Amino acid sequence: MKSFHFLVLLSLALAFSFASAFDPSPLQDFCVAIPEPKNAVFVNGKFCKNPNLTVAEDFFFPGLNVPGNTGNRVGSNVTLVNVDKLFGLNTLGISLARLDFAPNGGLNPPHTHPRATEILVVVEGTLMLAL
Ligand SMILES: *[C@@H]1O[C@H](CO)[C@@H](O)[C@H](O)[C@H]1NC(C)=O
Ligand SMILES: *[C@@H]1O[C@H](CO)[C@@H](O)[C@H](O)[C@H]1NC(C)=O
């Protein structure tokens, strides 16, 4: 009988031990940001372009293949692609960046990304990180 009670308690403990936490889902599939609200239809952080007027270029950023100039004090260059440069990223919760470091060494000054996950892909060379 004691083991039955233990099993019931264990089952109840397991059944109520699952946590559920998530960020709210985006309100729509995309919301191409536009700087001027003249032809906008939705507001969700930024004014959104009428979805009927979106074009492929709203989701395209040229230039990530071009190395940034690392001839500066820190020997690095960040090419940031966020909603201000790629309007189709609006409300999607993502951004991207290309980091270039001088061949003889460079530094990306310490910084944080609150509430964000970061994925780094080193294409060439070695990158040392302090976490
Ligand atoms: C987009 O186009 C559809 C089909 O023509 C139309 O029904 C809808 O009202 C348009 N949406 C906007 C926001 O203009
Ligand atoms: C990064 O590289 C770009 C392209 O060469 C250049 O225009 C920009 O001034 C550079 N930024 C810094 C901080 O050196």
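The backbone N, Cα and C atoms fix where each Cβ goes, and this holds for glycine too.
Just so you know, TrEMBL annotations never went through curation; they're auto-generated.
Now, the feature entries from TrEMBL:
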- 1-21: signal peptide (SIGNAL)
- Cys31-Cys48: disulfide bond (DISULFID)
- 63-128: domain 'Cupin type-1' (DOMAIN)
- Asn108, His113, Glu118: oxalate binding site (BINDING)
- His111, His113, Glu118: Mn(2+) binding site (BINDING)
What residue among the disulfide-bonded residues Cys31, Cys48 has the most other CB atoms lying within 10 A of its CB?
-> Cys31
Roughly how many angstrom lie between the C-alpha atoms of His111 (Mn(2+) binding site) and Glu118 (oxalate binding site)?
-> 12
List the Cα distance (Å, whole number) between Glu118 (oxalate binding site) and Cys48 (disulfide bond).
-> 26
Just how many other Cβ atoms lie inside 10 Å of the Cβ on Asn108 (oxalate binding site)?
-> 15
Tally every other Cβ atom lying within 10 Å of the Cβ atom of His111 (Mn(2+) binding site).
-> 6
The number of other Cβ atoms within 10 Å of the Cβ of His113 (oxalate binding site), counted over all protein chains shown, is 8
Across all the protein chains here, work out how many other Cβ atoms are within 10 Å of the Cβ of Glu118 (oxalate binding site).
-> 7
